[in-house]
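Visitor: Let me give you the structure first, and then I'll get to my questions.
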Amino acid sequence: MQLYAPNWTHVTEFVMVGFAGVHETRLFFFTLFLTMYLFTLLENLAIIMVVILDHRLRRPMYFFLTHLSCLEIGYTSVTVPKMLTGFIGGEGGKNISYVGCLSQLFIFTFLGATECFLLAAMAYDRYVAICMPLRYGALVSWGTCIRLAGACWLVGFLTPMLPIYLMSQLTFCGSNVIDHFFCDASPLLALSCSDVTLKETTDFLVSLAVLLASSVVIAVSYSNIVWTLLHIRSAAERRKAFSTCTAHLTVVSLFYGTLFFMYVRTKVASSINFNKVVSVFYSIVTPMLNPLIYSLRNKEVKGALRRAISLKSWKGQ
């Protein structure tokens, strides 16, 4: 149900407050976030190039890793550049059109949902590799990998369709100030002068469905992995088998921990400043840490990076 008043002005543009409390140190935060963003791009592009160029990494696990790196690049690029303009672009740098705001929310949700499903596909890959190694080639063929990755992107793309449609049906009037550094659903709903009950419930159910569906796959996969490892007599073999999962498990813990906290809730109003901190963590910090986790905890990736650096140094001499 929408409520109208004759003196309301309908919003066609939003102003993102961002980090209004750091005005005096905005150059410091601009430099900090710019450095983190460029580092994230460099790390993820390096992983993509190494997997493509090194034939030793042409395996399903690293095929999925390149998709994860692509997602991380998109995930940060949809929010950070606009946030950076807000630090140094004056008042105009904080403005975003109504269509631009909904587009940013759509892409951000699409990439976030896709990452959930991709992490689940990666967990399935580890489950088959450890629990059914003799059938690994048949169950996780290149055709299967392509279909799994395609399904992750497709379902991720479909995920925000209904929530964004319902958001577009809301009326925004009066204040157009978003107390956030990007167009997230919760601060947008706080500005609406319509009844947001249906939209809020839909967001909760869609978020819950995505998180539960993907996390169940991950939980079942790792339960079977642990069960299989417990039946391996050699401690060295157990460590070797589990070492292939530690990077993925760490990434899953970081990503799902923050998402469960942020999106599986129904209240529009909560601690805005705390939400911003958590949003920075999962939209900027996590994409920066993930390549480091995979490169530091994976001997094959570390070896490929060393070989690539050594080859570049040798060619430069």
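Note that Cβ sites are derived from N, Cα and C of the backbone, with glycine treated the same way.
Dumping what TrEMBL says about this protein:
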- 27-53: transmembrane segment (TRANSMEM)
- 43-294: domain 'G-protein coupled receptors family 1 profile' (DOMAIN)
- 62-84: transmembrane segment (TRANSMEM)
- 96-124: transmembrane segment (TRANSMEM)
- 136-158: transmembrane segment (TRANSMEM)
- 204-230: transmembrane segment (TRANSMEM)
- 242-264: transmembrane segment (TRANSMEM)
- 276-296: transmembrane segment (TRANSMEM)
Visitor: Looking only at the domain 'G-protein coupled receptors family 1 profile' (43-294), what is the mean pLDDT?
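Guide: The predicted confidence over the domain 'G-protein coupled receptors family 1 profile' (43-294), as a mean pLDDT, is 87.
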Visitor: Count the Cβ pairs between the transmembrane segment (27-53) and the transmembrane segment (242-264) that lie under 8 angstroms and are 6 or more residues apart in sequence, then report whether there are at least 3.
Guide: no
Visitor: Should anything in the same chain at least six residues away from the transmembrane segment (204-230) have a Cβ under 8 Å from its Cβ atoms, list it; otherwise answer none.
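Guide: Long-range Cβ neighbours of the transmembrane segment (204-230): 113, 116-117, 119-120, 123-124, 126-127, 130-131, 159-160, 162-163, 238, 241-242, 245, 249, 252, 256, 259-260, 263-266.
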Visitor: Please indicate, using numbers and ranges, the residues of the same chain that are 6 or more beyond the transmembrane segment (136-158) and have a C-beta under 8 Å from a C-beta there.
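Guide: Apart from its flanks, the transmembrane segment (136-158) reaches 60, 63-64, 67, 110-118, 120-121, 124-125, 128-129.
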